[in-house]
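Okay, structure first, notes after.
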Amino acid sequence: MPELPEVATVITELKSCVLNKPVKQVKVHLDKVLKNTNVKQLNDALVNHSFVDIKRRGKYIIFCLSNGLFLVSHLRMEGKYFFEAKGSQFDLNHVLVEFLFQDGDQLNYHDTRQFGTFHLFNRYQFENARELNKLALDPLDQEFNHQAIFNKGHKSNKKIKTFILDQTNISGIGNIYADEILFASKIHPETLAKNLNLSQYQLICQNATDILKKAVEMKGTTIGTFTFKKDHTGGYQHFLKIHGKKGKQCQSCNTTIIKKKINGRGSYICEKCQIQR
């Protein structure tokens, strides 16, 4: 699943090619991706209007329309956007939504797993959307701070990895970066959140910010299928210290890295650097 750095990278790419282009038509090839609207309503909202800005909240992509409406997209497991210039040849296999622009260009939403979602909101609905309002701050928000995370964590019986994956505690972090953050912090992912002290939360939060910033600079992590445009992959996979390295030696202590399931998530651990407490 694309995490914060991947979503941020997608948005940067989208802003470079689709802003201020009036929409001619929207074609939807799988109705279930539209969660609170339908094809007619979507066309009524978008045709003759343009995307004037694209923002992020957690892992959500927010298309801001020239008429004041908002189209909110979540990529889920395998969602991707591909921009196609006028006259280009492309395959519509796995394309669920086509945004056709009046200048002949188009933006395709591609999703092999078909888990992605779209919500159409007016301003009132957007400001009161449960999907968005339940999200916590993410590590790149200016107001993100370890004291607030500690205040939640010291009351929680969840394992710390499960705790930081919960988007109502910290948004934007997924499985890959959770492993990297906890390894950098030398904290075992099965340690209970309530058993960590304030300084450990400070370490988690600082590492989260540093790692996600670096991953954004590297245009995300490509493990599997992530691309931010056709034939362009991220680069942070070359900087991963622990995720995906089962059976390899820890770069810090040469201990063999193990993999185990924690609440259904494959988790990579150095049992010497990350002692369970």
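Keep in mind that glycine also has a Cβ here, set from the backbone N, Cα and C atoms.
As annotated by Swiss-Prot, active site, schiff-base intermediate with DNA applies to P2, with the evidence given as similarity to another entry. Following the DSSP three-state reduction, the secondary structure of P2 (active site, schiff-base intermediate with DNA) is coil.
The feature active site, proton donor is assigned by Swiss-Prot to E3 (among others). Long-range Cβ contacts of E3 (active site, proton donor) within its own chain (separation 6+, distance under 8 Å): K59, G172, I173, G174, N175, I176, Y177, G220, T221.
Feature annotation from Swiss-Prot assigns active site, proton donor to K59 (among others); the stated evidence is similarity to another entry. Other C-beta atoms found within 10 angstroms of the C-beta of K59 (active site, proton donor) number 23, with every protein chain shown included. In the three-state DSSP assignment, the secondary structure recorded for K59 (active site, proton donor) is coil.
Listed in sequence order, the residues of the same chain lying 6 or more apart from R265 (active site, proton donor) and placing their CB within less than 8 Å of its CB are K161, L165, N175, A178. Residues annotated as active site, proton donor in Swiss-Prot: R265 (among others).
Annotation for R113 (DNA binding site): same-chain Cβ neighbours under 8 Å, separated by at least 6 residues, are R76, M77, E78. The DNA binding site annotation in Swiss-Prot covers H94, R113.
As annotated by Swiss-Prot, zinc finger applies to 241-275. Only residues 6 or more beyond the boundaries of the zinc finger (241-275), in the same chain, are considered here, and those with a CB under 8 A from a CB of the stretch are 159, 161-162, 165, 175-176, 178-180, 182-184, 186-190, 223.
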Around the Cβ of P2 (active site, schiff-base intermediate with DNA), the count of other Cβ atoms that are within 10 Å: 25
Collapsed DSSP category at R265 (active site, proton donor): strand
Other CB atoms within 10 A, centred on H94 (DNA binding site): 16
Inter-residue C-alpha distance, P2 (active site, schiff-base intermediate with DNA) and H94 (DNA binding site) (nearest angstrom): 18
